[in-house]
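Notes for the one structure printed next.
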Amino acid sequence: MKNNKISGFQWAMTIFVFFVITMALSIMLRDFQSIIGVKHFIFEVTDLAPLIAAIICILVFKYKKVQLAGLKFSISLKVIERLLLALILPLIILIIGMYSFNTFADSFILLQSTGLSVPITHILIGHILMAFVVEFGFRSYLQNIVETKMNTFFASIVVGLMYSVFSANTTYGTEFAAYNFLYTFSFSMILGELIRATKGRTIYIATTFHASMTFGLIFLFSEEIGDLFSIKVIAISTAIVAVGYIGLSLIIRGIAYLTTRRNLEELEPNNYLDHVNDDEETNHTEAEKSSSNIKDAEKTGVATASTVGVAKNDTENTVADEPSIHEGTEKTEPQHHIGNQTESNHDEDHDITSESVESAESVKQAPQSDDLTNDSNEDEIEQSLKEPVTYKEDRRSSVVIDAEKHIEKTEEQSSDKNK
């Protein structure tokens, strides 16, 4: 796994802030239900809380790209496959529930026959909107954040617990609240498995499953009005389907892994072995980077010292060639001139060599772990590498010019003597 995720502190703070804002807003928005005049089984105003909390977290915290990784709206073959499952699984749950009602209660309740006073299209649109705003916050945003440090299964458990607390209903007693908690947790676990390995394309799948479940339950069961048997049947049916679907998915992936011998990362991108050594890998990467910087600086220092030695040898060889040029013309005055010039060359060479060595030593003694210091050291090293080469070229050209001038002067003197 690539370590391009958010830090552990921001990860924990994002989850905490999202949950606190969601719960606080759900309490504050309850009073607006009666103000807007919309019935709660059409659109629940408190469901806006996860959407608002997600937007606030995106604006407040950094690493926007990581936070928005679960909010992709593109379509793939896997998304189409999961969309079909998002329609089939609610149908299976409703069939199990209706069969249970017919077996244990002799009938199931149709709310439409007991006084729904709004068109079905209004209910459908309202439930699609509710599903979108809730799943935008919990699945497309929160689950994506949690999965940066956990695998999909455990991330679904964490998000499922938070979603169950958010959806808790204590109005009709403790037993009703317990079965409602089981229902919402199983509901969330199914959704977590449905959006697994979709690479951020979660909103279509989550919205379809959520809207299908709530829309069907409104017409077939009376849990909305506090019927204990209804919520019990719904909770147990959803839990059975959740266990069966997740278990079957794990078995299929296990068989595929054993038979094809594919890499576990290829088979399941966010698997159980991910995120185990995230902190260790990060520390190891930083240590390797620091040691490589130290080695590079040491090698550069050695290269600078060797370059200084080469420059010194080139200068000595250039100076040593000067007597042979001057001996061809005159033996007295040129030798005296060459001697003085050699002494000055050695003095200048000594100065340049000492300066280059000092620059190499300063590079070795500079802090190796700081990236900004390494950049400045590299500039100094490049400058020190350029100075000996430039000096060598300047000295060669100056020696040639002096030799040409001396030859011309000697020729003039010899011509004067001949005259």
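Just so you know, glycine gets a Cβ as well, placed from its N, Cα and C.
What Swiss-Prot says about this protein:
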COMPBIAS  282-299  compositional bias 'Basic and acidic residues'
COMPBIAS  323-336  compositional bias 'Basic and acidic residues'
COMPBIAS  344-353  compositional bias 'Basic and acidic residues'
COMPBIAS  372-382  compositional bias 'Acidic residues'
COMPBIAS  383-419  compositional bias 'Basic and acidic residues'
REGION    273-419  region 'Disordered'
TRANSMEM  9-29  transmembrane segment
TRANSMEM  41-61  transmembrane segment
TRANSMEM  84-104  transmembrane segment
TRANSMEM  118-138  transmembrane segment
TRANSMEM  153-173  transmembrane segment
TRANSMEM  175-195  transmembrane segment
TRANSMEM  202-222  transmembrane segment
TRANSMEM  231-251  transmembrane segment
Given the cut-off of 8 Å on Cβ pairs that are 6 or more apart in sequence, determine whether the transmembrane segment (9-29) and the transmembrane segment (202-222) share at least 3 such pairs. no
Segment-segment contact (the transmembrane segment (41-61); the transmembrane segment (175-195)) at 3 or more Cβ pairs under 8 Å: no
Among 84-104, 118-138, 202-222, the stretch with the most Cβ pairs under 8 Å to the transmembrane segment (153-173) is 118-138
Return the stretch with the most CB pairs under 8 A relative to the transmembrane segment (118-138), choosing among 84-104, 175-195, 202-222. 202-222
With a Cβ cut-off under 8 Å, give me the same-chain residues at least six positions beyond the ends of the transmembrane segment (175-195) that come close to it. 82, 85-86, 89, 135, 138-139, 143, 152-153, 155-157, 159-161, 163-164, 167-169, 202, 205-206, 209-210, 213, 223, 226, 228, 231-232, 234-236, 238-239, 241-242, 245-246, 249
